[in-house]
């Protein structure tokens, strides 16, 4: 995975080592906020959601998100499989498969009901704007999608990390610290974001509009998957 463009992220309580952009580190707060922050702030601000209920919601929504990411990269590769960016997309897809496998394990271990919207995310992720739809705009379109989605998901993971650390970092070590856990996934998503920028995402047709539309879709998908 390309790492030279990856951002320095401030972990909850510590810095993520070795990830720097030209011009110095990018602090956690420099990421754009996409809509509301369902996991930002205290558990009290989340209506008292804590303990098993918090764990269940996080596992459900993150499983849905990684499932959607898997379908997005599958759709992009179906269109751009013969292009110069195919190996880049394949590497990012392989990491998303690792993320999805971990959340499938957590779904089973904690007996969490997956969102009922998985069939919708299967079709929407593969065919519509994030997946094959963005790839039909060319390599830059696919990379613009990657930037939009991964920026949103990195912020989403950061908010979850803050909440879990605030509640009890030892109790939530399974989600925070093991080799395949939220901090690792957050860093992977930021690498994907920076990879998209390195591969000319900003040259996509109507880049700002495309990015904004995809991020609104991400916000809606997160909200719905938490609750359905």
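Glycine is no exception: its Cβ is also placed from the backbone N, Cα and C atoms.
No curator has checked TrEMBL annotations; they are predicted automatically.
According to its DSSP assignment, residue 99 (Fe cation 1 binding site) is helical. Sequence annotations record features per position, and here TrEMBL assigns Fe cation 1 binding site to 66, 96, 99, 189.
Secondary structure at residue 150 (Fe cation 2 binding site), as computed by DSSP, is helix. Residues annotated as Fe cation 2 binding site in TrEMBL: 96, 150, 189, 192.
A count of other CB atoms within 10 A of each Cβ picks out 189 as the most crowded of the binding-site residues 66, 96, 150, 189.
Put simply, 96 is the one of the binding-site residues 66, 96, 99 whose Cα lies nearest to the Cα of residue 192 (Fe cation 2 binding site). Ranked by Cβ neighbours within 10 A across all protein chains shown, the binding-site residues 99, 192 are led by 192.
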